[in-house]
């Protein structure tokens with residue numbers, strides 16, 4: 001969105017990364033898996049232990065915020081999502097997405113259990129937050145809120161709110177708008193309940209399946225987008241519009257076929273999911289690595305749509321979800337490494353002011369025009385009011401005849417207010433009564449006057465209908481525009497209250513945690529100072545030995561980290577090779593079909609006339625409208641009455657020496673008949689030929 005950079009400078013922020021660890025589920029407990037993850041919420045660290053190797057030191061990662069298994073949904077929302085949504089309400093773009101292995105609680109974090117207020121996720125809580133802010137705004141502030149919901153299934157973008165959820169949508173890009181989805185449906189909402197209903201509708205259409213690791217595994221990436229336009233009066237007295245977009249992303253989880261047991265369609269879905277997540281990892285790596293000159297956004301639909309969210313015009317928060325069980329050690333370490341890299345991505349967010357396509361401004365302009373029309377009245381022809389005064393001027397032509405006609409047309413349009421309509425109706429009724437009383441009026445004049453009254457009455461009725469239509473249109477537009485300060489919470493009021501109470505409690509806990517952290521640092525510093533003061537050589541030797549052990553532990557941890565990185569790199573290579581092998585099998589099958597059904601010459605012709613469409617990810621034929629059935633030659637239907645002079649009659653010719661063919665040929669040989677009205681000449685009768693059956697038998701013998 002174009003803005004004045006001198007007035008609104010860009011704010012450079014890193015992507016905020018938080019980590020949430022779920023508790024052990026019933027399946028993991030029944031199979032006696034051990035917990036390998038420990039969470040220190042005060043220090044913001046995640047420590048992962050390798051339970052089958054006691055010699056290997058644990059790995060520790062530090063993030064902005066971490067949440068343990070006992071964390072509450074409201075705490076997660078207030079600490080992570082609330083700052084992003086506050087920025088969106090100020091006019092920034094914001095993105096919140098959950099990332100991690102399948103079955104780690106990404107969908108629970110983003111959606112939660114909407115029927116229970118305390119278990120609602122980020123998306124439902126954001127509804128109450130947004131409309132709570134609108135309800136507290138000043139009275140002269142106007143808001144327009146729109147929502148859309150899409151999914152990326154097998155690298156196909158689908159509209160979850162559209163009539164046909166299987167229709168593929170195209171990803172487009174414009175310099176003034178950025179990346180957008182063509183023909184994606186968006187709905188205007190007036191309260192949090194509307195948002196919740198729309199989300200429920202879209203969630204029912206989302207692709208979900210069962211695997212060995214998750215009974216309700218998401219088989220697609222889903223993006224719920226909320227667009228908030230705000231119009232308020234500035235210091236200059238003019239109305240200023242700003243627009244913020246909030247993308248709430250629920251990613252499908254990365255999978256290993258050996259653990260999920262995916263086969264058939266589920267395996268194909270998993271391959272596409274892993275490919276898109278691998279591209280997301282490559283984008284993160286390219287953004288963090290200062291040497292990379294190319295960021296592969298276009299390699300996947302997911303990264304293409306998140307282009308602004310990763311390294312662009314957006315404030316972004318990433319929630320990495322992990323599982324605590326030791327059998328997911330490799331996946332947990334991989335997720336934490338990706339999240340640790342994402343911390344270094346820098347975004348340049350700016351307020352989107354005065355967008356050219358701001359829908360709120362268009363609505364306000366239409367409302368003002370409609371109000372003006374209603375105040376001044378509808379435009380009707382002046383002949384409707386003044387009768388037939390212009391009849392005398394018809395046919396007035398001359399050098400300036402055209403100008404006079406224009407003047408009459410302009411002067412003939414007058415404004416009729418609702419009060420004037422009532423007066424006109426009364427006047428028409430009076431004239432009708434007067435017409436009925438004048439019995440001595442000639443029949444022709446009476447019919448003419450009656451026709452004039454009927455015409456004027458129709459025009460008046462039309463004006464009243466247009467007036468009513470304008471009122472209805474104005475009412476519909478005013479319903480779409482939400483006025484600040486009006487109580488819009490209804491059922492969401494309780495949820496907003498819960499959020500505020502939880503936020504206050506979190507602030508108090510944060511203050512106490514900061515105080516305890518400072519005290520802990522002071523104690524550690526005092527301990528180090530005491531250790532430095534040696535009273536004898538023996539104590540000094542013990543101190544040096546202790547430091548040497550610490551350094552040795554750090555060295556072993558670094559070696560272990562390097563070995564893990566090599567193993568992870570090897571696993572990624574194996575996964576990519578498996579994907580390549582799968583794609584190679586599909587390619588060989590396609591080539592086999594092509595080689596057996598399409599001649600070589602036509603293959604070369606097709607290859608010369610196809611091109612790759614980046615927007616939809618397909619090969620397309622050039623000038624396809626002029627090929628194939630579209631240009632099939634229309635052969636004229638021959639007239640049965642006309643006979644081709646070169647056509648040879650072969651009806652009496654048989655093509656095989658069978659009993660049936662001989663019988664048909666002999667039966668067709670008939671004597672010529674005379675025309676009607678003429679007697680057959682009397683001649684000597686010829687000897688009758690033998691019956692066809694006899695001839696056939698003799699021929700066959």
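Just so it is clear, glycine is given a Cβ too, placed from its N, Cα and C backbone atoms.
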Where Swiss-Prot places phosphoserine when the choices are 388, 675, 689: 689
CB contacts for residue 100 (ATP binding site) [other CB atoms within 10 A, all chains]: 28
Greatest C-beta neighbour count within 10 angstroms, which of the binding-site residues 103, 105: 103
